[in-house]
Amino acid sequence: SGESGAGKTESAKLLLQHLMNLCKGNSQLEQQILQVNPLLEAFGNAQTVMNDNSSRFGKYIQLRFQKNTVQGAKISEYLLEKSRVVQQDTGERNFHIFYYMFAGLSSEEKEMYGLLDPSLYRYISGQFGTQDVAQRWKHKYQEVCNALDMVGFQEQEQVDLLAILAGVLSLGNVAFEPEDSNGSVKVSEASWGWLKAAAVSKYIEPACCVPSSPWSPLVSCCHFLLADARDSIAKVAYGRVFGWIVCKINELLAENVDPEVELSEIGILDIFGFENFAVNRFEQLCINLANEQLQHFFNHHIFQLEQAAYKEEELPWETVTFHNNEPVLNLLLAKPLGLLSLLDEQSAFPQATDKTFVDKLNSSFKGNLHFQPGRGHVLGFSIIHYAGKVQYTAAGFLEKNRDTLPATVRGLFMNSITPLLSLLFTGKFLHCDRASHRNPELSHSLMMLMDRMYSANPHFVRCIKPNSQKEPGVVDSWVVLQQLRYNGLLETIRIRRDGFSWRPSFEEFAER
């Protein structure tokens, strides 16, 4: 755990390499476990203000062992930040894969997928890198292709995958304008080429459903192709592709042993770090909630269980107090009046708006020490988290929490002439899909993760960020001290120093 950019993903990779090395085997499976990382990072990581390779999803890697040999692995993914596909703030980028594609595909391949100059695409904010950066991305694209081959993606599946990504980008440039005569809406004249490019990618052909002509600009009957729904289509398509990649990786890494044999397990949780940007949205609230839960888990083990053991042994011990973040978790998770419950309640009302949601929060949490109403003209609120105060912008909260896909759009995908898109929206794929990320699912998936962790014997790796400028070799003492304080590490050190951190069994002690 640790802030965004503190080094969690790199630490997790080193830990994984170390465990594979300790197995002392050189099996193909061990190499495959290490080689899936470039694939997960290309599709699940992005540049943010805080971190050039920020994980925009949480991952839990389960390694299954028998007689000190790894027999299989499974990856669970949590809360992919799908909204990044359609919108990035200043200084941020879309998921890496979009840039790798432009740098790595040949001119002929770009033509095949209908890809033009990267500066033209709204979903990547017209940003592209310098020549040096593009060269690095080209190398990364090759790594992704190698990983796709290694995981077992067929050639046609890889073609379909890139066609969907190209289609997503083209779709982002489709704009709409009113049709003068009858008050309906049409695709703007300037967007025609983009709509066709998306169709060339076999992605949106079934969407043009006006009977008179397959290319009629009138989309009044296809109301879902308006701006918000256009973005919803892009987000859901990308989310399904990501889930499918994880599913294929799990098929490759699945253990091939007698199900009766009991296997030992080591799990590594690499989850997004605490975030506090200039503008914080629904996604930051989800990320910071996960971090609040991890902090509570840490407190429970290091402070409560540790000190309870000393008390039980009747050792002379002066209780070490710590910052308990339970009140913040209650504010967010309590039922029926926690923030998420109120968000779900408001999301169920068609006439509710982000403003009615904020009004509800202001009245429900009046006087709560961990909640502050928004100030000024921005619709929002602040939460006093364990790691400090974060101001959230409420715009888009209800829509993102509903995250619903109209049945017409689902039908569009299921009947797509791209075999992969059709597969991703039929029952065949649903058993390994991480489901829609609506909030009840969100809290449920996080609760399942916490249950799994509480039943294990945990070891904590606390990552500390040395500075806020993404600079190597620079230690900013104040930035470091802040993290040591809010993480409870100063109190932890005191317990470790004054307490009994190593407790061998009687047999072990006698033998020594």
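A Cβ is built for glycine as well, from the same backbone N, Cα and C atoms used for every other residue.
Noted in TrEMBL for the protein shown:
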- Gly2, Glu3, Ser4, Gly5, Ala6, Gly7, Lys8, Thr9: ATP binding site (BINDING)
- 1-512: domain 'Myosin motor' (DOMAIN)
- 446-468: region 'Actin-binding' (REGION)
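Other residues of the chain with a Cβ within 8 Å of the Cβ centroid of Gly2, Glu3, Ser4, Gly5, Ala6, Gly7, Lys8, Thr9, the ATP site, are Asn51, Gly273, Cys463, Lys465.
For Ser4 (ATP binding site), applying a Cβ distance below 8 Å and a minimum sequence separation of six or more within one chain yields Thr48, Met50, Asn51, Ser54, Phe272, Gly273, Phe274, Glu275. In sequence order, Glu41, Asn45, Asn53, Ser55, Asp270 make up the list of same-chain residues 6 or more apart from Thr9 (ATP binding site) whose Cβ falls under 8 Å from its Cβ.
It is Gly5 that, of the binding-site residues Gly2, Gly5, has its Cβ surrounded by the most other Cβ atoms within 10 Å. In the predicted model, the domain 'Myosin motor' (1-512) has a mean pLDDT of 86.
Sequence-distant contacts of Lys8 (ATP binding site), defined by Cβ-Cβ distance under 8 angstroms and a gap of at least six in the same chain, are Ser1, Gly2, Ser55, Asp270, Ile271, Gly273, Val461, Cys463. In this structure, the binding-site residues under consideration are Glu3, Ala6, Gly7, and the one with the smallest number of other Cβ atoms within 10 Å of its Cβ is Gly7.
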